[in-house]
Every structure is written in structure tokens, then in C-alpha cells.
Amino acid sequence: MNPLILSMILTTLAMGTMATMLSSNWLLAWMGLEMNMLAMIPILTMNPNPRSTEAATKYFLTQATASMLLMMAIMINFMLSGQWSITKLPNTTVSSMALAALMMKLGLAPFHFWVPEVTQGTSLTSGMILLTWQKLAPLSILYQIDTSVDITILTVSGLLSILVGGWGGLNQTQLRKILAYSSIAHMGWMLIIMPYNPSLTILNLLIYILMTLSIFMIMMNNHSTSTLTLALLWNKAPMMMILLTITLLSLGGLPPLSGFMPKWLIIHELTKNDSIILPMSMAMFALLNLYFYMRLIYSSSLTMFPSTNNMKMKWHFTNRSHLTLLPPLIILSTLTLPLTPFLSILE
């Protein structure tokens, strides 16, 4: 793609997200979401082939449906209340329609079916943007309307997302699909805690983005897209394999890594609100995710590939200039658990 066109597309993508995040007006927020969607489609088809075209079509149809539903909710809300403010959703039907539209945009269950298919059909770079940056705009709107929506819908959808995110990834061999199901599960955790403590949603999102970026950068560096290609990584780049293993364990929420912090704080917050069955169910469903992360680690680092590699340090001689961000990302996504006591300052 022409660098000038690519820079224009990325600028539009960033402007759309920022417009939605900074807006308290429904129309401006909706316009930001539309800019975001239209800029994402050429990114999905950056490497033109039938798979990417199909993925872009699925993405467009899903997002357009969600945008139409959201606009309908906005117009009904204006007819009833006479104002465009995002925080004013007096009607339960309107808030449920807006919530359904945002859940569809985020890929939350039961509107999650498009996420694995679209992620698998695109390049690693497009998939990385889809599973990280594209979550910001819809979540910022959800953050503003969390007091107006039904907490039961949030809880049921969140639990279903955690279950689907764990169950769907069990038989997968494609890394992009595994990360897509991981995204669905993490979004479920964020959705459940939002009515109780929205700050924990932001913390969870931040750590999730750091971990996902780290994994995608390692995959892009080694051109790994499946468990078969990942099995070669131990011979080609042992240090990258170690970093990937640690980051996957962090993504699964194992202590003493960073991924344990948001899960621990969310379960603690729910328990403080006299909820016992809900956090217990969330923790049990999260074991499904941990299982397929462990299976991924076992197949790639604890089994030797049946071939010899006479040049063990081949990876030292390749160009690593594009990996400047990887060390700080790895540190932030694995070693921030000791900072947990300082989070009390934010409360």
C-alpha cells in the first residue's frame, strides 16, 4: 500500500477513536465510530486475497448492523428526552438497544461469531489492530452509559463471553483464532466489573492490550500463525520462545505475572459486593483459557521438533530494528504485579 494512503487511513482511524472517546454527544460519538469502521476496512484488505476480502465483508456487515441499531437507539432517545447527551438514557429499551449495538461492535457473546473469522482472515498486523485499538471507542461509550444499562444483561453477557472465549479456543491450532477467543473472554471480565468499579475495566483493558501487543509482535517477528510454525520457534529463536511463554502465562492470569492483577482485583471487588457465585464461576471458566495457553506452551517449548538446526544463533543476525517496543511491552505485561498496592491511590 502507498505510504501516503496508509498514513491517511491510520490518521482517520486514530481521529475516529479519539472523537468517540472525547465526545459526550451521541451524534459525534456515532460519527467517530463510523470513521473508525471505514478506516479499518482497507487495513483488513491490506494484503489482497479472497480470505481478507471475506473478512472485510464480514466486518463491514456486522459493524454496519451495529451502527444502524445504535443510530436507532440514539434517535428514539432524542425523541423521548430531547437531548443528545450520552449519559442520559432514561428508557430501558433504548439503553438495551445501545448496549446490544456496542456488544456487537466489541464482539461480546452472543454477538461474538464474527471476531475469530475476521481475525483469522487478515494479516497479523490487521489482527493486532482489530483486537486492541478497535476496542477503545465502543468501550469508552459503554463506560459512560454503564449506570443506565441493566446490570443483569451485563453479567449474563460477560459470563457467556468468558465461557465462549474459553470453550471456543480449545480445539484451535491457528494462533489468530486463539487470540480472538482470548479477546472475547477478556472483554467478558471487563463487562462484568464495569457497573461495580469502572476503573478496574480500564486497568484490565490496559494490561490486556499490553499482553496482546507483545504476543502479536513476537508472532510477526517469527511469522508464526499456527501451532505447527510455533513448534519451530525453539530452534530458531529460543529467547523469543521464552518471552512468548511468559507472556502467554501472564495472559492466562497466573501469578506472579501482570495478568493475575486485574483478575485478582476484579474477584476481590465482586466479593466485597457480596457476590460469591459470580466470581467463582468466572474463575472456573477462566481455567479453560489457561488450559489452551498451557497446551500451546507445551507443544511449542516442551517438545523438541524432530529436526536438527546447525545454526542455533541464526536469529541474532536478522534485522531487529522494528522490535524496539518489544522489551518495554514484555516488562509491562509480565512484571507489574508488585505495583498493585499503589493502585489504592487511584480509588
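Backbone N, Cα and C define each Cβ position, glycine as well.
Cβ atoms under 8 Å from those of the transmembrane segment (26-46) belong to residues 1, 5, 9-10, 12-13, 15-20, 52-53, 55-56, 59-60, 63-64, 67, 70-71, 74, 77-78, 84-86, 105, 118, 121-123, 125-126, 129-130, 134, 137-138, 141 of the same chain, restricted to positions at least 6 beyond its ends. Per Swiss-Prot, the feature transmembrane segment maps to 26-46 (among others).
Taken from Swiss-Prot, the feature transmembrane segment covers 60-80 (among others).
According to Swiss-Prot, the feature transmembrane segment maps to 96-116 (among others), an assignment based on sequence analysis. Cβ atoms under 8 Å from those of the transmembrane segment (96-116) belong to residues 33, 58-59, 62-63, 65-67, 69-70, 72-74, 76-77, 89, 135, 137-139, 141-142, 145, 149-150, 153-154, 157-158, 160-161, 163-165, 168, 177, 180-181, 183-184, 187-188, 191 of the same chain, restricted to positions at least 6 beyond its ends.
For 123-143 (among others), the entry in Swiss-Prot reads transmembrane segment.
Counting only same-chain residues 6+ beyond the ends of the transmembrane segment (151-171), those with a CB under 8 A from a CB of the stretch are 96, 99, 103, 108-110, 112, 116, 177-178, 181-192, 194-195, 278, 281-282, 285-289, 291-292. Sequence annotations record features per position, and here Swiss-Prot assigns transmembrane segment to 151-171 (among others) based on sequence analysis.
Taken from Swiss-Prot, the feature transmembrane segment covers 178-198 (among others), and the record attributes it to sequence analysis.
As annotated by Swiss-Prot, transmembrane segment applies to 200-220 (among others), with the evidence given as sequence analysis. Sequence-distant contacts of the transmembrane segment (200-220) (same chain, at least 6 residues past either end, Cβ-Cβ under 8 Å): 124-125, 127-128, 131-132, 135-136, 139, 143, 175, 179, 182-183, 186, 189-190, 193-194, 240, 243-244, 247-248, 250-251, 258-259, 261-262, 265-266, 269, 323, 325-326, 329-330, 332-333, 336, 343.
If you look up Swiss-Prot, you'll see 240-260 (among others) marked as transmembrane segment, on the strength of sequence analysis.
Taken from Swiss-Prot, the feature transmembrane segment covers 274-294 (among others), and the record attributes it to sequence analysis.
Here Swiss-Prot flags 325-345 (among others) as transmembrane segment, drawing on sequence analysis.
Of the two recorded stretches, the transmembrane segment (274-294) does not lie close to the transmembrane segment (60-80), with fewer than three CB pairs under 8 Å once pairs fewer than 6 apart in sequence are set aside.
Nonlocal intrachain contacts for the transmembrane segment (60-80), taken as residues 6+ away from its ends with a CB within less than 8 angstroms of a stretch CB, comprise 26-27, 30, 33-34, 37, 41, 88-91, 93-95, 97-98, 100-102, 104-105, 111, 114. Listed as Cβ neighbours of the transmembrane segment (123-143) (distance under 8 Å, sequence separation of 6 or more from its ends, same chain) are residues 13, 16-17, 20-21, 29, 32-33, 36, 40, 43-44, 46-47, 52, 59, 86, 98-99, 102, 105-106, 176, 179-180, 183, 187, 190-191, 194, 198, 201-202, 205, 209, 212-213, 216-217, 219-220, 225.
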